[in-house]
Amino acid sequence: MAELFYEKDADLSIIQGRKVAVIGYGSQGHAHALSLRDSGVDVRVGLQEGSKSKAKAEEQGLRVVSVAQAAEEADVIMILTPDPIQAKVYEESVKDHLKDGDALFFGHGFNVRYGFIKPPANVDVALVAPKGPGHLVRRQYEEGRGVPCIAAVEQDYTGNAFALALSYAAGIGGTRAGVIKTTFTEETETDLFGEQAVLCGGASALVKAGFEVLTEAGYQPEIAYFECLHELKLIVDLMYEGGLEKMRWSVSETAEWGDYITGPRIITDATKAEMKKVLAEIQDGTFAETWMAEYQAGLPKYNEYKKADEEHLLETTGKKLRKLMSWVSDEEK
Ligand code: NDP
Ligand code: MG
Ligand code: MG
């Protein structure tokens with residue numbers, strides 16, 4: 001079973017005694033920087049020349065400096081730029097400013113796990129990752145609550161890296177909810193697998209296939225959209241609140257029976273075998289290499305897939321239908 005840590009296990013004064021640089025001010029960066037500041041921590045934000053988020057960070061009362069200066073000033077450097085550019089940011093603006101005993105922190109283990117970033121031996125290397133989007137992390141913190149975090153130590157130069165990670169997690173509200181100890185390898189591999197096989201890849205392919213089967217059989221796209229995409233939220237909300245049991249308690253007996261007998265015909269042994277292949281490619285680094293090559297080539301296939309799905313009948317139908325649902329479309333950009 002996982003090891004869990006709470007407020008009583010963390011010593012906030014550790015991070016309060018350090019100088020923290022938060023590199024990046026996006027979803028996670030803004031939540032970390034603001035909450036650490038409100039927890040009495042000395043924070044500066046490091047951003048690139050011409051950054052879009054600079055003005056926002058300054059408006060919110062934070063000091064913004066270049067990435068190199070932030071890394072130079074700080075002794076805890078949290079890298080929260082997009083993953084594919086972290087290695088470049090690290091090489092160009094962080095590496096040369098690491099001093100003996102500094103701590104290099106991440107919100108995701110990708111670059112360290114696959115060796116795109118190789119920190120020197122004389123720094124602590126740790127991970128603090130909230131299990132939720134940054135805006136929720138910040139809102140929970142402000143409400144006196146927190147989003148559960150996971151924390152891991154890759155390199156414990158000082159012997160205090162985990163205590164520092166827990167202290168950092170306390171500074172963003174994580175220990176109010178609970179912090180689970182993991183490793184860079186476990187965090188990275190399960191995160192990639194989850195998003196590919198289940199959450200993003202698995203779910204969107206399932207929705208699309210169901211929608212295609214109905215529309216190809218002549219049913220109206222609008223009806224197919226409701227059945228295969230829109231209603232998924234209601235189901236997922238129930239699972240989120242009470243697992244499969246609550247979902248099955250809430251749906252009709254007919255739906256529950258169909259769940260038992262049809263689910264295994266859709267997600268078959270062959271699907272599970274393919275999932276195992278996906279996991280193997282994550283573990284052996286094939287996925288990471290392919291993704292970084294695609295990114296460096298300027299995202300040709302990524303853009304092709306994106307465009308194809310934007311033009312899919314599922315998406316064009318959804319766009320029209322969501323305009324009729326003010327409570328949904330209000331949330332749209
Ligand atoms: P975002 O894309 O939301 O934000 C990235 C930030 O980095 C922006 O402020 C961007 O600036 C800035 N940035 C871009 N290029 C540079 C650069 N060269 N130097 C300095 N800053 C730069 O990222 P996320 O918050 O989504 O992700 C950050 C990390 O957190 C990732 O490792 C991710 O895996 C992890 N994570 C994310 C979660 C999430 O919910 N989003 C959940 C858990 C972990 P500008 O605004 O100017 O473009
Ligand atoms: Mg992820
Ligand atoms: Mg129905």
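Glycine too: its Cβ is placed from the backbone N, Cα and C atoms.
Remember, it's a predicted structure, so these values are computed and weren't measured experimentally.
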Of the candidates G115, G132, G134, G144, the one that TrEMBL places in the NADP(+) site of Y25, G26, S27, Q28, S51, S53: G134
Listed in sequence order, residues with CB under 8 A of S53 (NADP(+) binding site) and six or more positions away: G24, Y25, G26, G29, H30, L47
Candidates near ligand 2 among the binding-site residues Q28, S51, S53, D191, E195, E231, judged by a Cβ under 6 angstroms: D191, E195
Where the C-beta lies under 6 angstroms from ligand 1, the matching binding-site residues among D191, E195, E227, E231, S252: none
Residue among recorded positions Q28, S51, H108, G134, S252 with Cα closest to the Cα of D191 (Mg(2+) 2 binding site): H108
Distance from E231 (Mg(2+) 2 binding site) back to S252 (substrate binding site), taken between C-alpha atoms, in Å: 14
Averaged pLDDT, computed only over the residues in the domain 'KARI C-terminal knotted' (183-328): 97
Least surrounded among the binding-site residues, given as D191, E195, when other CB atoms within 10 Å are counted: E195
